[in-house]
């Protein structure tokens, strides 16, 4: 009898409740290349041993339930069950453990992030035996990755479409995010693109409200885009937010964007949902549209260090589901993002292969084989003084987005865009000449401002602006050792 059809019916059924660890804690297990591996930060309730807690996570996120059931005998649990195969205490934390769980690939539907998350981060997060639970990382096997399309186009194809190489791309979120009429919104888009930006962007909550319906916005933004392209000779884009209340409406908006001939649309992938996002990504590849992804709602899931899901997992899920850009924090701006951890998931988005690296919070070696990379987007509270640090931290394959840092310029939108473009070009040139952006950044910006009155005005406005709050999401360190 094959392992796939072997059952335990002949063993006999014994009703009752037994410890999870008797079945689901298997420290001797050797993981397979086809297993999905998960690293959970587990905080058990007092009196619950870590082995029982880890086994409970493995059980409740795979084949287990709270009591023995006679139908267990109708299948092969050894083939299908999740296994907690290793447990490490968290340095510097009492009663916290990293529990490693292996899931057989047959537990998951091909090409479905929705199904993968329903299993791995489903009911188990409300389990009473656990005080808190956080999914820190996943290892997605190549066999499963190949069932996904992934990003519609990827980094190289985007650069070829835009004909822009050797520098980060520049963007701007139109502000105020809500309340503008479609015509005034389009005017702001035109001024920013004419001033030197590559992209402008709908904010995440701009959908189709009474003050600005989506079709009107799309039309005025397309007009602005084409006018700016004609004046500058550069290819321009505006992230038209196709997020909607239904998948059908979302696709209708993407179809209209394609008919207008614009290069890129946008989706809020967490609030919109992974099923909708994957559908839109497939449409974008088939129709030549780039796809910008906003991560609205991510901090509800990933902000707390002991419960929820780390953003590196959400980033991996996005690369599977599909997106050409995704917001990834700034390190230096107003939003949460510690440098080493941020660079860890930035590499997961862009690179074909990443190694285990405890210093950057990466728990598993990950190969993406032929899956295209995703451009990380730095956005939130950044301005011209941040440009050297952003260029040094994120490198060329990134999008740097200045919303208030463009539209807040004292001379207007177009001068704000000019200031950012001059600052970026100065930083890229200085880097290419071998200068140290981390040490000489302020000097480089001051030198460039002598030749650009727009940049000089921006430097003066934002010279005192800082966001100096400690990051919540930091690496684990032994507090006793300091």
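First residue shown is number 1, and so on along the chain.
Cβ coordinates come from backbone N, Cα and C, glycine included.
Bear in mind that the values here come from a model prediction, so they are computed numbers and not experimental data.
For 3, the entry in Swiss-Prot reads N-acetylproline.
Among the features that Swiss-Prot reports, N6,N6,N6-trimethyllysine is placed at 14.
Listed in sequence order, 60 are the same-chain residues at least 6 apart in sequence whose CB falls under 8 Å from the CB of residue 123 (substrate binding site). Among the features that Swiss-Prot reports, substrate binding site is placed at 123, 173, 177, 295, 327, 379.
Around residue 175 (active site, proton acceptor), a 10 Å sphere centred on its CB holds 16 further CB atoms from the protein chains shown. The feature active site, proton acceptor is assigned by Swiss-Prot to 175 (among others).
Under the heading N6-carboxylysine, Swiss-Prot lists 201. Around residue 201 (N6-carboxylysine), a 10 Å sphere centred on its CB holds 29 further CB atoms from the protein chains shown.
What Swiss-Prot lists as Mg(2+) binding site is 201, 203, 204, and the listing cites sequence analysis. Long-range Cβ contacts of residue 204 (Mg(2+) binding site) within its own chain (separation 6+, distance under 8 Å): 241, 243, 268, 271, 294, 296.
Taken from Swiss-Prot, the feature active site, proton acceptor applies to 294 (among others). For the recorded site, residue 294 (active site, proton acceptor), the DSSP three-state label reads strand.
The annotation site 'Transition state stabilizer' is assigned in Swiss-Prot to 334 on the grounds of sequence analysis.
Most other Cβ atoms within 10 A: among the recorded positions 177, 294, 295, 327, that distinction falls to 294.
For the Mg(2+) site, the Cβ centre of 201, 203, 204 serves as reference, and the other residues of the chain with Cβ at most 8 Å from it are 173, 174, 177, 202, 205, 206, 239, 241, 266, 294. In this entry, 123, 173, 177, 295, 327, 379 make up the residues listed for substrate, with the farthest two CA atoms of the set 37 Å from each other.
When other Cβ atoms within 10 Å of the Cβ of residue 379 (substrate binding site) are tallied across all protein chains shown, the result is 24.
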